[in-house]
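Before any comments, here is the structure.
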Ligand SMILES: [Zn+2]
């Protein structure tokens, strides 16, 4: 069985469908929790599945350095190593090498860098990134690309985009013939429509199983991001999944889906869960706040997650303030559950042709704010 995308319904620019893979189906629009180093922090894999996630993201940069891709391959691949049998998407390592690694040097060949863990020297290139992602056993492999931090002048963005397009061809060549796996190209071009168009044309000419919109959510702000999303998804093939990398907050996600994005990932729900922050239908709630100390009510009475079904705000406040591990576990679970409910709600609304009404209700709930204090 091979990798296939079926578009089932559209409503305006918003789309719903499913991606078939040998490891199971991915319902779109899909949110991918981030399992950086072979774990979604504070969650058992079966709990991640229980939130409704069809697919996880793993980070090539982290896994190649520790425990090492060859070791993961010897141990049977990332799925069995981390006990997650559903699909996994891995990034190329390119973005994190630029943000995390020590001394690094960018050439036409690739990026040489020093590990942030032990200072050891490594090369990431289109060819080594494809090999590492193959060793990990990733179902959806990302092209190795380069992304300049914004703001950058147009000449820099253009040079970088053109390098990424040459690397996209090298990634395609190195990926080889693996029909049960997918390789996604990554559109670059910053916030310049013409460059985004050139990038989309170059990628489409090479041909990929899916297309990502890269180089956003790097500090340009929501307005500029939506500005790009007003045209960028439409430049990519209609019949292939479109993935917006590293996004985002709930309202970013809703705005991206509205503009034709099918897949997203972000550390936000898991990371903020570990700092006492919850995302709910009524906006963001800080469980550290003293107003919750005597509150016997659930975080969200309509939420079906364990944190909301079995615990009070007072308990969540207590464990978060006391630094107990269960605080991060419960809030991560709640946040991932909330994100998956958000995606499920959008999938239903798009299928029924009622996305606009759904979106209005989403914004109305957030405008209401958290429940009145006791
Ligand atoms: Zn909940």
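Cβ coordinates come from backbone N, Cα and C, glycine included.
Lifted from TrEMBL, the feature list:
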ACT_SITE  91  active site, proton acceptor
ACT_SITE  265  active site, nucleophile
BINDING   91, 92, 93, 94, 95, 145, 188, 215  substrate binding site
BINDING   303, 305, 308, 334  Zn(2+) binding site
DOMAIN    13-365  domain 'tRNA-guanine(15) transglycosylase-like'
REGION    246-252  region 'RNA binding'
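A map of TrEMBL features onto the structure.
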{"residue": "93", "record": "substrate binding site", "DSSP (3 states)": "coil"}
{"residue": "145", "record": "substrate binding site", "DSSP (3 states)": "coil"}
{"residue": "188", "record": "substrate binding site", "DSSP (3 states)": "coil"}
{"residue": "215", "record": "substrate binding site", "DSSP (3 states)": "coil"}
{"residue": "303", "record": "Zn(2+) binding site", "DSSP (3 states)": "coil"}
{"residue": "308", "record": "Zn(2+) binding site", "DSSP (3 states)": "helix"}
{"residue": "334", "record": "Zn(2+) binding site", "DSSP (3 states)": "helix"}
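If you compare Cα positions, residue 305 (Zn(2+) binding site) sits closest to 91 out of the recorded positions 91, 92, 95, 145, 215. For residue 215 (substrate binding site) paired with residue 91 (active site, proton acceptor), the C-alpha to C-alpha distance reads 13 Å. The distance from the Cα of residue 265 (active site, nucleophile) to the Cα of residue 93 (substrate binding site) comes to 15 Å.
For residue 308 (Zn(2+) binding site), the nearest neighbour among the recorded positions 91, 94, 145, judged by Cα separation, is 91.
Sequence-ordered, the extra residues of this chain that approach the Zn(2+) site, with Cβ no more than 8 Å from the Cβ center of 303, 305, 308, 334, are 298, 299, 300, 304, 306, 307, 309, 333, 337, 338.
The binding residues for substrate are recorded as 91, 92, 93, 94, 95, 145, 188, 215; their greatest pairwise CA distance is 16 Å. In the three-state DSSP assignment, the secondary structure recorded for residue 265 (active site, nucleophile) is strand. Neighbour counts of Cβ atoms within 10 Å were taken for the active-site residues 91, 265; the minimum is at 265. Separating the Cα atoms of residue 94 (substrate binding site) and residue 334 (Zn(2+) binding site) is a whole-number distance of 31 Å. The region 'RNA binding' (246-252): residue composition by secondary structure is 3 helix, 0 strand, 4 coil, according to DSSP. Same-chain residues at least 6 positions away in sequence with a Cβ under 8 Å from that of residue 145 (substrate binding site) are, in sequence order, 92, 94, 164, 167, 168, 186, 188, 214. Look at the binding-site residues 92, 188, 215, 305 and count other Cβ atoms within 10 Å of each Cβ; 305 has the fewest. Residue environment of residue 95 (substrate binding site) contains 22 other Cβ atoms, counted within 10 Å of its Cβ in all protein chains.
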